[in-house]
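*Asks:* Handing you a structure now.
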Amino acid sequence: MVILSYTFILIFFCAVTNSIKAPNFNDDTNIYRQKRAVLRDLTYKWNESIIYYKVDTNISKDNIAVALEEIMEETCLRFQEVSLSTRNRSITGFYFQLGYMDATNLGRKLDNGNFQNLWLTSKYPERHKVLRVVLYALGVDYEYNRPDSEKYVWTLWTSIQKRYMPYMFKKNNKTVTTYDLPFDFKSVMALNQYEYSNKPGFKPFVMVKEEDRKKNLDTVNENLSTNDIKLLNLHYCGGKCIKMSVCQNGGELDIGGCSKCKCPPKYTGRYCQRLKSVDHKICGPADILIDSKTEEEKELKFSDKCGYSFRAHRGKVVEMKVEFTKKRNISEYLCTENAAVELKFERDKIRSGLVACDIIDTVLTYSEDELFFLNFYGTKNDKVKISYREIIPLNIYGFFNKTG
């Protein structure tokens, strides 16, 4: 008989009591024991201010670091790498190792002294697989295990690889909480239709609703979804964003993504940096992720009143050059409201930025982190040319050392 189940993202108030060592697929008893060892116990929640982690030498650190940075960007959780040789008994965390399947304990359950084993199957693990084992260790179960999953997904047990079965049993409301968040096909913890299949082309998961079947469910979710972020913030951060706000014009950080802002009615953009009333066809996108390979240019007018955020990739900063095509002849440096450009390049984006205008030829600035805000003010139709690129911070210091 086919048993029905489902996919979802929920926080476990408990975890597996047995420590997971390198999975043994020949040990059927061990596989099925794990599914029953679930306790309603808050001791399986990570309460450390910093979760330390170490990575075995046979696994690349790159995608692990990127995945952990994504979580830190959106939540109050903090991770810090330590060396494999560390013997500090006062720190606890994750130990990423090469294993036979992507697996760990559900919630905080230390395996190896002060560290919990997180097993990955590849020397170069994919980002979504790193996120899954980390969230699982944090107590976030797979989406198809939530109590209401059978309304959304049917799990076909005869099509699932035996080794993955312990991870696919639906939980009840006494064991888990969903924080009233809806079922989420976009969650990184939601599998696609073909994952864990025991035969090529077979679908272990079938969507119940016709509208869900029409969605592209053959790919994996590489990033945290909004609900993934909300869930972590509700469970670990008291439902608040504790990072420094970068929101502009009275916007507030959104618990559904602590790098995003909830904007007042008149403003838009990821950081509320642009008036909704501006001509978006002229200004273009409000939020620009800089292409790492090229320098880009725009030509605008003060009266366009465009507002932008420019973001460099991790570890780089924004170089911004502003050129005023028509210079006023004036002896005093005084910018007026009818023609000005504001450049916010400091780490504290709430403070007022550098105000420049057409009494000089050119302004060249560098952001102190990867984020840069640029705002146009005024009624004048004189043109302003901007050019921008991302650079490695060391290149800045090298430039000043040569010219100083």
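Just so it is clear, glycine is given a Cβ too, placed from its N, Cα and C backbone atoms.
Not measured: the values here are computed from a predicted model.
From TrEMBL, here are the annotated features:
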DISULFID  Cys237-Cys247  disulfide bond
DISULFID  Cys263-Cys272  disulfide bond
DOMAIN    37-238  domain 'Peptidase M12A'
DOMAIN    233-273  domain 'EGF-like'
SIGNAL    1-19  signal peptide
*Asks:* For the domain 'EGF-like' (233-273), jot down how many residues DSSP puts in helix, in strand and in coil.
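*Replies:* Output for the domain 'EGF-like' (233-273) reads 4 helix, 11 strand, 26 coil.
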*Asks:* For the C-alpha pair, I'd like the distance in angstrom between Cys263 (disulfide bond) and Cys247 (disulfide bond), rounded off.
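*Replies:* Computed Cα spacing between Cys263 (disulfide bond) and Cys247 (disulfide bond) is 8 Å.
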*Asks:* Counting every protein chain present, what is the number of Cβ atoms, excluding its own, within 10 Å of the Cβ of Cys247 (disulfide bond)?
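*Replies:* Excluding its own Cβ, the number within 10 Å is 23.
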*Asks:* Measuring Cα to Cα, how many Å separate Cys247 (disulfide bond) from Cys272 (disulfide bond)?
*Replies:* 6
*Asks:* Between Cys237, Cys263, Cys272, which of the disulfide-bonded residues has its C-beta surrounded by the fewest other C-beta atoms within 10 Å?
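*Replies:* Taking Cys237, Cys263, Cys272 as the disulfide-bonded residues, the minimal 10 Å Cβ count falls on Cys237.
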*Asks:* State the Cα to Cα distance, in Å, between Cys237 (disulfide bond) and Cys272 (disulfide bond), rounded to an integer.
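*Replies:* If we compare the Cα positions of Cys237 (disulfide bond) and Cys272 (disulfide bond), the gap is 24 Å.
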